[in-house]
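Notes to accompany the following structure.
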Amino acid sequence: MAIDPEQQPISSVSREVGKSSGEISSEREPLIKENHVPENYSVVAAILPFFFPALGGLLYGYEIGATSCATISLQSPSLSGVSWYNLSSVDVGLVTSGSLYGALFGSIVAFTIADVIGRRKELILAALLFLIGALVTALAPIYSVLIIGRVTYGVSVGLAMHAAPMYIAETAPSEIRGQLVSLKEFFIVLGMVGGYGIGSLTVNILSGWRYMYATSVPLAVIMGIGMWWLPASPRWLLLRVIQGKGNVENQREAAIKSLCRLRGPAFVDSAAEQVSEILAELSVVGEDKEVTFGELFQGKCLKALIIGGGLVLFQQITGQPSVLYYAPSILQTAGFSAAGDATRVSILLGLLKLIMTGVAVVVIDRLGRRPLLLGGVGGMVVSLFLLGSYYLFFSASPVVAVVALLLYVGCYQLSFGPIGWLIISEIFPLKLRGRGLSLAVLVNFGANALVTFAFSPLKELLGAGILFCAFGVICVLSLFFIFFIVPETKGLTLEEIEAKCL
């Protein structure tokens, strides 16, 4: 999309955003213009601005896979390599959920500092905390230090999961933006598979859990160096101008240089025009105006918050964190007595998750959101009751547990996994989308941490069979929520979603 410089020169935008009152001129250009001109860009140049931020997703996914195996290694009298291996169910719950509590705190911090330091510096900070958290965890001499390392790593997860999608979306060429943002989610699942794989290789060696966590160190270093080398987001640079927090000409020149680096030599001639376009769009949508927290709980945004918050809440309380973190332990209980056997089956779960994520990306715009949600969650109901029935009635047939877990993972990745986050990115009105998403992220990490922490004690108190059946009942409730509350957004523009669905 390009604008006519004769109709909207940069100088006029500068005069508008430079007013002491901070008001935007009432004369506004339409956001969507005819005769769309495709952007010039280099595919090679677009790879690194995607890859380095996406490493944050890879490190997040890796932590999930590695922790599921590390809890087995930590509790082994012969292989843990520590004297405090006799962990209670609460201790294990803190190991697994410590990073999630950190992520919850990190997501709160992110929405406070993100527009002040920018996406690039936020990702550099995340890489630094990934490095510190991984080192502290891997070298922990006592249990309390281990938990400190897990929480520190979690803070970096919260920062990275906030900044990475924004940086990728703001720097990617519009023609391939959707593919790159989707690939970032794919990196998370790829990290899980990697965590399961490293865990399988090291779970049977002395202090294997230390090697599992130490593997994150080189990835964090690469991410930090890469983000230090990458330029700041040009849209963030210009957003600061619109909000009266920078010099127009200096920031404009910085944004042009940033775009040239991000898009490659083919973009040099059109960089100035693209910067003019971004400035004009920011002026039109009124990005200079602050919104209040209370507006999230009024009118259309309240309905969007119910839809989005409800989806990510059900996404977690239907058992997903427990399956990911405790898959090896569940499989050991199901009859795979050797730690190596359990973690190898966990790799199979991760590969299935990877494949089904790809399937969901391919079919979601053909079948729609609601059919995939209803069908996938329906399959989750069957799998959870099947898993509960195994523990209650069919304990002599461990294959039942494996089939149930595979069915659960596959159905989750067709439904709650990708679609929950897709809908919350679509459903909030533009003016309040950032803060609405912040609440959804807080609900997600908070529910994730609670379920992960509570699973082990509840499993000990109620038994695995009753607990998985309880998750099945919650899944049934989520089906009613999806059927009666969640709208179909396939084929609708964001403006149409706001007009028709809220």
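Note: Cβ is positioned from N, Cα and C throughout, glycine not excepted.
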Point to revise | Annotated stretch (transmembrane segment, per TrEMBL) among the listed ranges 181-199, 295-313 | key: 181-199
Practice item. Count, for each of 41-62, 99-117, 124-145, 181-199, 347-365, the Cβ pairs lying under 8 Å from the transmembrane segment (372-393), and report the range with the highest count. Key: 347-365
Review point. In the same chain, who gets a Cβ under 8 Å from the transmembrane segment (399-424) while lying at least 6 residues past its ends?
Key: 185, 189, 307-308, 311-312, 314-315, 318-320, 323, 327, 330-331, 333-335, 345, 348-349, 352-353, 356-357, 359-361, 364, 369, 372-373, 375-380, 382-384, 386-387, 389-391, 436-437, 440, 486, 489
Practice item. Take the transmembrane segment (181-199) and find every residue of the same chain, 6 or more past its ends, with a Cβ under 8 Å from one of its Cβ atoms. Key: 50, 53-55, 57-70, 73, 164-165, 168-169, 172, 208, 211-212, 215, 324, 328, 343, 346-347, 349-351, 353-354, 357-358, 361, 413, 418, 421
Check your understanding: Tell me, what is the mean pLDDT of the domain 'Major facilitator superfamily (MFS) profile' (49-490)?
Key -> 81
